[in-house]
Every structure is written in C-alpha cells, then in structure tokens.
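Trainee: Annotations per TrEMBL:
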DOMAIN    68-95  domain 'C2H2-type'
DOMAIN    96-123  domain 'C2H2-type'
DOMAIN    180-207  domain 'C2H2-type'
DOMAIN    236-263  domain 'C2H2-type'
DOMAIN    264-291  domain 'C2H2-type'
DOMAIN    348-375  domain 'C2H2-type'
DOMAIN    404-431  domain 'C2H2-type'
DOMAIN    432-459  domain 'C2H2-type'
DOMAIN    460-487  domain 'C2H2-type'
DOMAIN    516-543  domain 'C2H2-type'
DOMAIN    656-683  domain 'C2H2-type'
DOMAIN    709-736  domain 'C2H2-type'
Amino acid sequence: MDFPAGDKRNAFKCTVCNQTFSQGCDLGDHLRTHTGEKPLVRTVCQKTFSYSHKLRDHLRTHTGEKPFECTVCQKTFSQTSGLRDHVRTHTGEKPFACTVCQKTFCRSDNLRVHLRTHTEKKPFECTVCQKKFSQTSGLRAHLRTHTGEKPFECTVCQKTFSYSHKLRDHVRTHTGEKPFECTVCQKTFCRSDKLRVHLRTHTEEKIFECTVCQKTFCRSDNLRVHLRTHTEEKPFECTVCQKKFSQTSSLRSHLRTHNGEKPFECTVCQNTFCRSDELRDHLRTHTGEKPFECTVCQKTFSQTSGLRDHVRTHTGEKPFACTVCQKTFCRSDNLRVHLRTHTEEKPFECTVCQKKFSQTSGLRAHLRTHTGEKPFECTVCQKTFSYSHKLRDHVRTHTGEKPFECTVCQKTFCRSDKLRVHLRTHTEEKLFECTVCQKTFCRSDNLRVHLRTHTEEKPFECTVCQKKFSQTSSLRSHLRTHNGEKPFECTVCQNTFCRSDELRDHLRTHTGEKPFECTVCQKTFSQTSGLRDHVRTHTGEKPFECTVCQKTFCRSNTLRVHLRTHTEEKVFECTVCQKKFSQTSGLRSHLRTHTGEKPFECTVCQKTFSQTSGLRDHVRTHTGEKPFECTVCQKTFSYSRKLRDHVRTHTGEKPFECTVCQKTFCRSDKLRVHLRTHTEEKPFECTVCQKKFSQTSSLRFRRVEHLVYQCTVCQKTFSRSYKPRVHVRTHTGEKPFQ
C-alpha cells in the first residue's frame, strides 16, 4: 500500500497501546514488549532475547569481542553503551541529574541508586534477618555476616576478609602505601578514617567528652573505654576462669593463655605469639630496629623492658634481692636462675640421656646435640647454627661489625676468642711451636696446617679425581666443581655460588657497595677483578692476545668469547633441541623457553619473568622510573629500546632494510608489516566476513564497517558512526559551520 510522504511514519500502529511505527519490523519488535515473547535464543547458554541487537551484544560475552574503541585512550568495549559511559570520564559530561538535589551523574544506574537516598527505598532484603538495603552490593556484603564467608584473600600472607575495602586497607601494611595525606603537616596514613582522627589533633577538636571528669577524646570508642575507669565496669568475662576485663581486646589476649592459641606469626622465622605487641617487639630482632633510646648513653633497644633493665646499670638499682644471701639483681630472671645455686635445683631434664639443667636454655641447647637441629639461620646466606651466639658471631661477617676492641692497639674483632688470640701478639705469647723449624703460633689449628708444609702431607683426597689437599676447606671447594653444588645462595635474586667469597662479591651488585677504588680517577668497583681490569684502561695494557688474529684484550673472558668467532665453537648445547650457544648465559636464557620457568618475580604484583632484564623493565611500570634520557630533547623513557627508536627521529637513521625493494625503516616492527606487501601475507582475519588483512589497524576499520549506524528520524543506515550525525542536520536544518 502507498502512503503519502507525511504519513509514512504512522503506517504501522500497535493495537494495544496505539503507538505508531514507520516500519513493520519495528512494530513486530515492539509487540513483544506486550506478549513477553523472546524468540531469539543463544545456543551457548540458552538465554533468550526480544531483540536481535540484544542477542548480538550478549554474544560478545562469549566471544570476548570488544569492537568499540575509545579514540582518546584506545580502551575497548563490547557494547556502545559501555563506550558511551566511558567517554564521559574524558569529557566530564554528567547528563543524568537528580531532580531533588540537582547532583549530576555520568551513568543512569548511578543516578537510580542515588535517588534511593531521598526516597529511603531499600528494595533488597536479607532472607535471614529481614534487614533491607538500597543496593545489591550492600546486601551481598551483609550476607557474609551470616555465612562467615571471606572471599577476599591477601596474596602476600593469605589472610582473608569479608569486604574488599578491608583487603585494600590490609594490603597497604605490606606495600607501605599511605595514600591519605594530612594537608596541614603532610603526615600520611593508610586509611581515610585514621586521617580523619589525626586531623582533630590540628583542630583540637575532641568532640567526645566524659560527663564525669570532662576529659575529651577524638574518638567515641576511646571515651567508652575511659568511662569504665569511673564505673569500674568490666563487662567482658572469661568463660574459663571468670576473670573480668574492661576491654574485649584484653579478654581476647587472656583467652589465649587457656587455649594456647598464638595467632600472630612471624613471617621471617615462623615463631608465633599470643599478642600483636609481642610480635611487634619480636620483629625488631629481625629488622634490627631499636626505637627505645637511653637518655644517658644513647644506647638503643628493641623493647621497653630492655631499656628499663639497662637504665638500672646507670642508676645502680637492683630491686630483686636473694632471700638466702641478700645478693641483689637488676633483673627478675637473673634472680630466678641465681636461686638455683642455693637449691641445686635442676628441673629441666633431657629425655634422651637424663642429663639435668638449671635453665631451659641450657636444656634446649643440649637437645640439639641429639637431634642435629640447627634452628638459627642466617637471613643473608641461609647457613644454619645450633646456638644463637654462633649465629650472632656469623652475622658479623656480613655486617662487618667488630664489637671486641684490643685495648693496646685498638684493632677490633667480630668474636671474643679472636681478640683473645690477638692479645698474644702483644704479650708475644705463642703457645704452639713447630718442632721442625721452631716457628711459633698463637693457635693450634694454625700449627697443624703449618706442619703439613714440612711433611707435604695432603690427607684430604677427592673421591672423584683423587686430587689431594692439605686443608678440608680446599677439598670442600674443589668437590663442588664435580657435583655442581652451589650452597651459597643470594637472598635477593637466588643466584647460587660455590664459594662464600664469590657470594660476598656478588652481594655488592645489590647493595651497590664498591670498596675498591682506582688511585688514578677515583672510580670505585665492587670486586678486585673489576678494579684490575679498569686499571688497564689507564695503562693501555692488553695482556690477553688472540693467537689467530693477534687482536689483544684487557680481560681474559673477552678473549675467550672472541676466540669463538674464529672457531665458530658453540660449546653449550641445549639438551632438549640441541641448539648450541657460545656462552652459558645464552644457553641459560634459552632453556627457559622449554621449561617455561620464570624465576624472577615482581615483589609488587607477583608477575614472573624468565630473564632479569624483563623483570627490571617491568618494575618501572610500578615505580614510574624513566632512566633513559634523550641527550637531544631530554625526553625520558622506561626502556632502552624505546630510547633507541626515539633517537632515530633525530638522526634520521633507518637501519632496517627491506631485502626485496631496499626501502628502509627506523623500527623492526614497521619493516615486518612492510614485508607483507611483498609476501601478501594477511594474518589478521575478520570474524564476520572472513576477509583477511596484513595489519591490525585495517582489521579494526573493517569491524567498524560491519556495524550499522541508523538515523533515528528516518531509519536510514550508515557504516560510519559520524555519518548519521551529519545526516540528521537535513532534518533539523542545523548549520553549525558559519
């Protein structure tokens, strides 16, 4: 049937609500809103839809396709509505206004939720306790108070939380992040509520006042606890012994004395504690933090009790007296041990050999002679010890601390026995004399080793190659060349070494320590070998010569690598695919392509990498560091390759040449794309029409061509999103360009 042009849009009328449509298909879609019919079924999940475009949008949740891209930041979306909402984060547009308070929102659903603050409408009800909520998220979180579910887990310590914001706050205890800053004094906090309380210290606002003594508090819970000092109320009772407490935290700590629970675990040594403050004190034994300082001699302590005991060494106070002999002590535990000298009490018995001890520490140390246990581990090199004092002595080999000083020459030592031996050099006391040459020694083990220079005795034999050694330490180091054992591990990057001195040298690459200085230019080095090689840059000495081409080198390993350019020798072979390499480092990196091993982990987000260089580059995404600076325009970059590419924009260098047509490019990826014009390779396929493209950008444009953009007035369709915008002006008569 023909209709006049003016009546065309009213050709099709709904018999239910009298709404009119210009096309029959639109009327058909509309009728389903009355009948509830959903004829379009998704074959993957059987979900039904009234409209084909709703089905099309839904399909992308299965395919993962996100064809709508933001032109500002290139973020992609599966639906135009998602892109539309996102674009407003760039433009700042907030088209949805609250009719009550005029507050505006960028999304309609945000406005819908906000309106409930005015209507007090709470449509979401808890089926357990009938409490109501204005949002589903609020109901979801509340339900966890009934189920005890804690779905949010810390990836560092596995502690779980009921709410995501609680996890977010907790994670900051690991990262040290404190995003909330006081605008007055710049002090930072990990939580907004802590900042809020702190701000009252500047305003002197203490809004919570005690009605008894008028003392004021910043926080209501502090006031509540304080009031109990007046009422002597102790509402929290222990169900085991009926002891009462004024605070729940005190009761909680007390209960652990009954059940033996120690929930606070040290992440370093796994020791557990009943109270968080005990763990805090203990952690300082690992960190070395000593916040409590003696006002007399400035000596610092990790705990207040340690400072209290120490202060008595200045005051001479000894408040703990022995009732038998009246001897006094500055510490109660010293008195307790002393009393056993009178009673000869040895209450601590070894269950293996029945030997008895007056102190638990003595028994504990003795038991290790039976078990072989070495519980004291060095955090630097993982070496273990049976006794804490042995570990203490050993740690000084890493820290360089030497607390024992010779009163004659002021030379210092890390151990008291070494000082004792040294003192003999002043007294000329050398108790141990060689019977062959009469040379004397301060120590018996030095004499023992010396005697072998006379006897040529080498009692320590390698069981693999029968090579002999005069000292066990020499044999031990040698054996590792056979078994590949590398017991000295770097705690920073997990590299392992055969010898402790190799580890010591390596650790300086992390600490940045460079104790070896060039006397010519004052440049410093972490190893003597590095200094030795450097000195040759001043002297011009190149003692290592290639026997093939007579080229000389200042370092032996540089010569060794160079020689392989003549022999084409690749001595390091992959056992999986037999590919060969001229250097071990090349083989090591290659092997990870087979094993999938990624031993280098980011401490921030736990992402792992197969090479240290990959980790190093990645870490900069967290720190924002851009260490590579262009010397021409001072622009900085996170990666050296980005700087390399950028520098070519100044030099005009185009090192990547097409072997077919000799066209050159500044970047390898641009050459790779260009080569496809010769090979006609088109690796990128459109999932809608199967047309193939040589570049991802062409594929992106093709996807847009499949999208239909329709005029809302006359339903004319277009392939580009901007065209309906231009076309609609033919209806409105708008002429924006003057």
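Placed from the backbone N, Cα and C atoms, the Cβ positions cover glycine too.
Because TrEMBL annotations are produced automatically, they should be read as predictions rather than curated entries.
Predicted, not measured: the structure shown is a model, and the values here were computed from it.
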Trainee: Check the domain 'C2H2-type' (348-375) for me and report the mean pLDDT.
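Mentor: The answer is 81, the mean pLDDT of the model over that range.
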Trainee: Sequence-remote contacts (6 or more beyond its ends) of the domain 'C2H2-type' (96-123), Cβ cut-off under 8 Å?
Mentor: 85, 88-89, 132-135
Trainee: For the domain 'C2H2-type' (709-736), what are the same-chain contacts with Cβ under 8 Å, counting residues 6+ beyond its ends?
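Mentor: Residues 22-23, 26 contact the domain 'C2H2-type' (709-736) from elsewhere in the chain.
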Trainee: Same-chain Cβ contacts of the domain 'C2H2-type' (264-291) under 8 Å, 6 or more residues past its ends?
Mentor: 157, 253, 256-257, 300-303, 377, 379
Trainee: Counting by DSSP, what is the helix, strand and coil composition of the domain 'C2H2-type' (68-95)?
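Mentor: Helix (H, G, I), strand (E, B), coil: 12 helix, 4 strand, 12 coil.
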Trainee: Could you give me the DSSP helix, strand and coil counts for the domain 'C2H2-type' (460-487)?
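Mentor: Tallying H, G and I as helix, E and B as strand, the rest coil: 12 helix, 4 strand, 12 coil.
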Trainee: Counting by DSSP, what is the helix, strand and coil composition of the domain 'C2H2-type' (264-291)?
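Mentor: DSSP composition of the domain 'C2H2-type' (264-291): 12 helix, 4 strand, 12 coil.
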